[in-house]
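Novice: Before I ask anything, let me first share the structure, which is written out below as structure tokens.
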Amino acid sequence: MILILLGPPGIGKGTQASVLSYILKINHISTGDIFRKNFKENTELGTLSKKFIAQGLLVPDDITNQMIADYLSKDIATKDFLLDGFPRNVLQARFLDDFFKKSHLFLTKVIYFNAGTKDLMKRIAGRRICPECGKVYHIEKIPPKNPGICDKDQKTLIQREDDKPETFLKRLKVFNKETLPLVQYYCEQNQLFEVDGMQTIDQVTKMILEVLETDRK
């Protein structure tokens, strides 16, 4: 089983990815984790990426594509995983299609989490993240056991710069321009399932599991 999760920033893809990977017993492959791994190991691709990020620029598709392909090639033995954060545009999606074809892999479903801007702004305002392990919390919906402290490593939680209102709106604009066309791309391939991302975590999970079960029959 191979799943792709799509949705605007702040919709909760990472949370849902963790839940689904646990229930379905498949690997959760996060683009953010792959980048952090390359940064930590000082790989050539990681070093190149840092140069663009330091200038406030998007990492070029060819670098991101190669980074993802390298990771998947090493971890391909399971052939069961979900992708969170990739592809981000149609060119990356076409690259991924070619990679799957060459690797004899088959995409099961693309899950698109939809929500309005006002709802997303409200949700993003309460989001907090651990600077050490990257675990995401929400002060109302997914609070830590101790306010402001990560359950895993006891680090003080922070609000990412990306989650501050002015930065978030810029990210949303980029999403609408670059990533939203993927909805049409995968819809035309009859691989898209759209879900209301503002429902509870359990409700969203239930809907996704039901559509996956239907596809298996």
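Backbone N, Cα and C define each Cβ position, glycine as well.
Just lifted these from Swiss-Prot, have a look:
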BINDING   G10, I11, G12, K13, G14, T15, R127, V136, Y137, Q199  ATP binding site
BINDING   T31, R36, L57, L58, V59, G85, F86, P87, R88, Q92, R160, R171  AMP binding site
BINDING   C130, C133, C150, D153  Zn(2+) binding site
REGION    30-59  region 'NMP'
REGION    126-163  region 'LID'
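Describe each of these features in terms of where it is and what it packs against.
Specialist: Mapped onto three states, the DSSP output places G12 (ATP binding site) in coil. Other Cβ atoms within 10 Å of the Cβ of G12 (ATP binding site) number 24 in total over all chains.
Cβ contacts within 10 Å of R160 (AMP binding site), excluding its own Cβ and spanning all protein chains shown: 14.
Residue density at C133 (Zn(2+) binding site): 11 other Cβ atoms are found within 10 A of its Cβ, drawing on all protein chains shown.
Tertiary neighbourhood of the region 'NMP' (30-59): same-chain residues 14, 17, 66-68, 70-71, 83-86, 88, 134, selected by CB-CB distance under 8 Å and a gap of 6+ residues from either end.
Assigned with DSSP, the residues of the region 'LID' (126-163) fall into helix, strand and coil as follows: 3 helix, 11 strand, 24 coil.
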Novice: Take the C-alpha atoms of C130 (Zn(2+) binding site) and Y137 (ATP binding site) and report the distance between them in angstrom, rounded.
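Specialist: Given the Cα positions, C130 (Zn(2+) binding site) is 8 Å from Y137 (ATP binding site).
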Novice: Near Y137 (ATP binding site), which of the binding-site residues T31, F86, R88, C150, D153 can be found within 10 Å, Cα to Cα?
Specialist: C150
Novice: Using C-alpha atoms, which one of the binding-site residues G10, G12, G14, R127, D153 comes nearest to L57 (AMP binding site)?
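Specialist: Of the binding-site residues G10, G12, G14, R127, D153, G10 has its Cα closest to that of L57 (AMP binding site).
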Novice: What is the separation, in Å, between the Cα atoms of F86 (AMP binding site) and R127 (ATP binding site)?
Specialist: 21
Novice: Measuring CA to CA, name the entry from the binding-site residues G12, G14, R127, C150, D153 that ends up nearest R160 (AMP binding site).
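Specialist: Considering only the listed binding-site residues, the nearest one is R127.
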Novice: I'd like the Cβ neighbour count for C130 (Zn(2+) binding site), meaning other Cβ atoms within 10 Å of its Cβ, all protein chains included.
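Specialist: Excluding its own Cβ, C130 (Zn(2+) binding site) sees 20 Cβ atoms within 10 Å.
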